[in-house]
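Trainee: Below are the features listed in Swiss-Prot for this protein:
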type	residues	note
REPEAT	164-197	repeat 'HEAT 5'
REPEAT	251-286	repeat 'HEAT 7'
REPEAT	349-381	repeat 'HEAT 9'
REPEAT	385-425	repeat 'HEAT 10'
REPEAT	555-596	repeat 'HEAT 14'
REPEAT	598-658	repeat 'HEAT 15'
REPEAT	661-703	repeat 'HEAT 16'
REPEAT	763-826	repeat 'HEAT 18'
REPEAT	832-869	repeat 'HEAT 19'
REPEAT	876-909	repeat 'HEAT 20'
REPEAT	969-999	repeat 'HEAT 22'
REPEAT	1008-1040	repeat 'HEAT 23'
Amino acid sequence: MNLQPITDLLKALNSGNTTTIQQAEQLYADYKNHQPDQLVNSFIVLIRTSQDELLRSYPPVLLRTLVNGNDSGNILKGLKPETLVTLKTELMFAVREEPKNHIRHSILNVIAILAIQLVPEQKWPEILSFIIESSSSPEENLRESSFYLIGAIIDDSRVAETLAPHFDKFALLVEKGLNDPSAKVQVSALETVSTFIDANPEKAEVFKPLIPAMLNTIQKTIESNLEKEAQKGILTFIIIAQYHSDWFKTNFDMIFKVFFQFLEHQSLEDETKHACLHFFLTFAEFKSSIMKKKLYLEPIVLLLLKWMSSVEDMDLKDWNSLDTEPSDDDDSNVAFEAIEALSHCVSKGLWEFFLQCAPTLLNSGNWKERYTGLMTLSSISEGCEKQIKTNFKLIIQSILPLANDSHPRVRFAFFYCLGSFASYLKREMQDLYKTLIPVSLEHLNDPFPRVTISNCEFLTLFLDEIKPNRVKEFKDQFLGRLSPLLQNENYKIVQHSLNAFSSVVDGIGEEFTQHYSEIMPFLIKILRTQTSVETKTLRGRAIETISLVGLAVGKKVFLNDCIQIIQYVSSLEKFKDDDPQVDFFLRAFTRFAQCLGEDFIPYLKYSMSPLMDAINGKVDSSVENGEDFSDESNNSGSIVMENKAMALEMVSIYAMELKHHLFPYVEQLYKGSIELVDFPFSSLVAIQAVNLIPFLVKISKQHFEAVGGLKDGMKAEFTSRLFLDSYERMAASIKTESEPDTLSAKLKALSDLMDIGGQCEQADRILSLTFEVANESFGTLQELETEYQENIDEEDEDADESPEREIIDDAYNSLAMVLGEVCIQFKEKAVPYIATVLPAMIELIETAPSVEIKTSMICILDDLIENGGQKAFELYPHIIKPMMNCTLPNLDPSLIQSAVFGIGLAAENGKDYFTPFLMESLQLINNVIVSVNSVQEQDDDLIAARDNAISAMGRIITNLPQHLGNNFPQTIALWLSYLPIQDDGEAGSIIKSLCTLIRDFSQQIMTQQYIVKVLEIIAVGLHKKAVNPDDKQIISLALRSQESLVAQSLFQLSAENQAILANFFKN
């Protein structure tokens, strides 16, 4: 074989000369397309025989792309059978004989890619024999290569499925590798275990007995000073902790001793120690019942506190110049994040132990320990929120003296800690405003800017959503202390004090008008003059404050300045997509719109252009391709994505404020946002795009009604087309969505679209699509639920529910909104479709692990009963019993509330269809009322459950009186004895039921026995504004007909109720 042409080709590709490389690439393409067999055979010969390292190393790299099944240049199927046989055979020989490690690994990569395509099709049985033989080779490199190959090929799902019956044989092979005399081979064998777990977690169970040998391997590598190899082994343990934490139950004591010893080892690399810590954190997440034991938790927490206390003792001048605390991956910062992670897994045990350590830390003579105490409180403030609340005032009292600490980094940590509390314990913090605001104000003039900035950040968080009267109480002090900071020569102080100042203005509101003329020129000056790269954020804060001041003082005061600011900003050169100012300016313009209302419409063009730019901003290609990229490009890509999400959110606000005036931009906005509903790099971008879509359809509908003169804007061709396209694309997107929070947003958007579209002309198409989505969503949510349940540590009775629980519940609720909206819009036409998913709904009502899911499913039944007509009533035998089973007094009050409400609706709407369930339902409802009334301390949920039960009883009595027979009088007496109710939500239903009885059964109701109770119920209903005009007429006629009885009974009412009725009679 003449190898010269291929040799010349390879040398040309490596020449470094652009022209030569381009010519060589064209020649290479010709070989691929027209002479693939010659190309492959030549590569094989060079790999096997060339003495030139370059000519041996380059062919495997090119072969990898030539045979890659995912590559468009794949030539595998075009090769002659004999070429393929040669390729397979010679590659295996090459691995055995290649002396250079990097070339051998390139050849192994080619074998792996080839095996991934051929093994599932049973076209390379020899490869398994090759792997097994290589694992017993006297050559260390070949033994290591065998395990590398196992890991590489088993990682493919098709190969894993094909080889699953042989996992037990692989386990024996791995066991052999773990006992190999070579540490390199041992670690390679250990690493394959994680690949088997990834490929098939259930079948991987055969590797569980190897845990002691795996741990022994890691120990040996540490003893042999092979830390990089040890780190690979620890990573495998982390993966096992994620997927199979149960594997460690019997061996955890041994694992803990080994890994904790590594943590304490002073001479080990940080990467090794941090990997061990990562293992403990992962294990705590999935097996908190073990990790929370004092034997394990307390030594780790003590070590972490020690690490945190090792914070760098840097020069205060240098520290003061930093934007944030030092964030290197040193022990101190790693410990801070680790304690935060632990607080979410073992909050109770962590808090109890920290309480023992806290006094020593907070009162230490060493500033680093005081700093550690405060920073630890900050890091656990979210995870231990429940525990902190029970000790909150005591905690604040214990740390308050540290506001005056002699060391500035402790004072910094004090305000940093308060800021964390303000984020996660907002109500508790704001209730202490009389204590905390003066402390903050007193220290706003700290000589160290970092402390002042930390204080300002705390104030900003603390004042968020605070009651305005609490801010107004300190208005003069706030303005007096913050105003000088706005003039500070340190732009960072100005920037953060502006943020706090904005929060103060937001709280003061219209009362800030008297200060408007003082502050607005100053803010405008910052906007116009602070144009350097360093002060971009300051400038952003300035326009943010301007917009918040505008909202506070109102359009009349702000209008002229607002218009001038809009015109000035619009004259500026366009910001780059990744400019941090974009966020501030776009949000400010949205507030301008909120302040000016329709007066903003002439300036809408100025804000829509940058919004569209942000929505369409290009994400760095390295992000899109999932490549490694620099911190700079990472930050740039993040800013672009944040701006996309923010711009989409802002357009939604414009839509709410300006409604049909936004119509000229609908088509362009729709085109930009619909492409982002499946945005793969940021769920927030996808969710905001999804949220915007229904608004755009609604704007179009409003436009054709307000401007086009149509009674129903949905009948406009443009709106109809927009609606159907968005519905179809949203439905298609939902079918492939697997993230619960994004799925929830998409389902809610589908519900909103249906609400806007109503009973559109494409009803059959919409119904068909909706139930395709519903069936798919039930399946997806069940998979997510199963995955969630598998990760719960059932042995930990103290475990808090993870955030995933709420996310899944929200997704079910969004699905319920879709199905409920179907019932509301399509009424009887929807019932046959609902019947197809009814078994899934009933199963969830009966077996779902979450009250919220059960309640969501009952809500669908409520909408079905209320809107489905006779076809829905015919389903009563299937749906009433499950609701009745949810009324047992020992169940969650919110579930009972939804169930009794549904039963009342069923009686009211279905009447005769409800008869078979009548007496049992009444008994169950009465049991609910009696049970709640027996509880001495009733919370809002219990009261709502009881009052809904009382309301349901009234619906049953008034709609099925003839079916109660002899029980009718005593049932009325019982119902009246439970009235009036406290829950405002059911007051209207109670009045409606009472008025029905007054109208139809006056002789039984308007009697000496009940008149006082009737008058009391009416007075309460009037006070709650729950009496509609028709009911008022019924009441008026009834009371006039019994004028003397009413007059005799009024004095038995409270003075308040007498006054209410007197006013009613007067009017």
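All residue numbers here begin at 1 and follow the chain in the order shown.
Placement of Cβ uses the backbone N, Cα and C atoms for every residue, glycine included.
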Trainee: So how many of the residues in the repeat 'HEAT 10' (385-425) end up helix, strand or coil by DSSP?
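Mentor: Residue counts for the repeat 'HEAT 10' (385-425) by secondary structure: 36 helix, 0 strand, 5 coil.
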Trainee: Using a Cβ cut-off of under 8 Å, list the residues of the same chain at least 6 residues beyond the repeat 'HEAT 16' (661-703) that approach it.
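Mentor: Same-chain contacts beyond the ends: 598, 601, 604, 608, 612, 615-616, 619, 623-624, 637, 641-642, 644-646, 648-649, 651-652, 654-655, 712-714, 716, 718-719, 722-723, 725-726, 729-730, 733, 736, 739, 741-742, 745-746, 749, 752-753, 756-757.
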Trainee: List, by number or range, the same-chain residues at least 6 past the repeat 'HEAT 9' (349-381) whose CB is under 8 A from its CB atoms?
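Mentor: Same-chain contacts beyond the ends: 292-294, 297-298, 301-302, 305, 308-311, 313, 336-337, 339-340, 342-343, 387-388, 391, 395, 398-399, 402, 405-407, 409-410, 413-414, 416-417, 419-421, 423-425, 798.
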Trainee: Ranking 164-197, 385-425, 832-869 by the number of C-beta pairs under 8 Å to the repeat 'HEAT 18' (763-826), which range is first?
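Mentor: Answer is 832-869, with the largest number of Cβ pairs below 8 Å.
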Trainee: Over the span of the repeat 'HEAT 16' (661-703), count residues by DSSP class, listing helix, strand and coil in order.
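Mentor: Breakdown, helix to coil: 35 helix, 0 strand, 8 coil.
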Trainee: If we skip the immediate neighbours and take only residues 6+ beyond the ends of the repeat 'HEAT 19' (832-869), which ones have a Cβ under 8 Å from one of its Cβ atoms?
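Mentor: Those are 767, 770-771, 774-775, 778, 785, 789, 805, 808-809, 812-813, 815-816, 819-824, 875, 878-879, 882-883, 885-886, 892, 894-895, 898-899, 901-902, 905-906, 909-910, in sequence order.
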Trainee: Would you mind splitting the repeat 'HEAT 19' (832-869) into helix, strand and coil residue counts from DSSP?
Mentor: 34 helix, 0 strand, 4 coil
Trainee: Counting each residue once, how many in the repeat 'HEAT 22' (969-999) are helix, strand and coil under DSSP?
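Mentor: Split into helix, strand and coil, the repeat 'HEAT 22' (969-999) gives 25 helix, 0 strand, 6 coil.
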Trainee: DSSP on the repeat 'HEAT 7' (251-286): how many residues come out helix, how many strand, how many coil?
Mentor: 30 helix, 0 strand, 6 coil
